[in-house]
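Presented below is the structure to which this report refers.
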Amino acid sequence: MVQELLSQSQIDARLYPESDGKPMADNTVQFRLITTIVGGLSALFQERDDVFVVGDLLWYPRKAGTLTVVEQSLPFSQAPDIMVVFGVENKDRGSYKQWEEGNIVPQVAMEIVSPSNSKGEMEDKFRFYDYYGVEEYYVYNPQRNQLQGWLRRGGFLTEIPQMEGWTSPLLGVSFSTLSPELQVFAPSGEVFGTYEEMVVERDRQRERADGAELERDRQRQETERQQQRADSAESDLQQLREKLRQLNIDPDSLL
């Protein structure tokens, strides 16, 4: 038998696959929320080269073969629906291998619960994020319109008692479930929108801008017409004054 010789990249691909075989979303609601939040956060930090915002990317905290007994009881990796990492380069990645990123732990993770997520699976996710040092963890259940959050205090993720209006210390965004679906607000107060909503708003702004430009053009043309009428009247007056002088009549004596 000829033994297959694998390159290091092939070995890594087997040890650290870039896909867990699961879809990013199980339904349109989950997909819309993930893309909206990832897109909004990406826009929020677009001028920062040291903030990495991503959705559904596998995070490997430890190299294979280096796991402690406790770590062996945890999932080997997780792919948070939304993940934010401060202090690393904002670039494309096939996965997030923590040991290749200065051992920087993703600070924020968020999960959008789908019908396929079991209670045990969500508990495993929490244990994973708690153990490996996530600073802020959020879970939103669209079916219940319920948002839960945890903040790291004293080395452990501690539940945030009141999530309505909560502002993330790291992200600066606020959350609300007063509407039928989770809303995320930028520090400016602007709500994160879907791509479709942003296109509609952009078109509205263009229409308003075009309307304002048309009004400015109309006003400019009206000003020009008034000036032309004034110039014409002044010209007629000067011609009349000249004719009166030719008749030896002082125009000023008629005033």
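Quick reminder: no glycine exception, Cβ is built from N, Cα and C everywhere.
The compositional bias 'Basic and acidic residues' feature in TrEMBL is assigned to 203-232. The annotation domain 'Putative restriction endonuclease' is assigned in TrEMBL to 76-162. The region 'Disordered' annotation in TrEMBL covers 203-237.
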Confidence summary for the domain 'Putative restriction endonuclease' (76-162), mean pLDDT rounded: 97
Helix, strand and coil residues within the compositional bias 'Basic and acidic residues' (203-232) as assigned by DSSP: 30 helix, 0 strand, 0 coil
The domain 'Putative restriction endonuclease' (76-162) - residue tally per DSSP class, helix then strand then coil: 17 helix, 31 strand, 39 coil
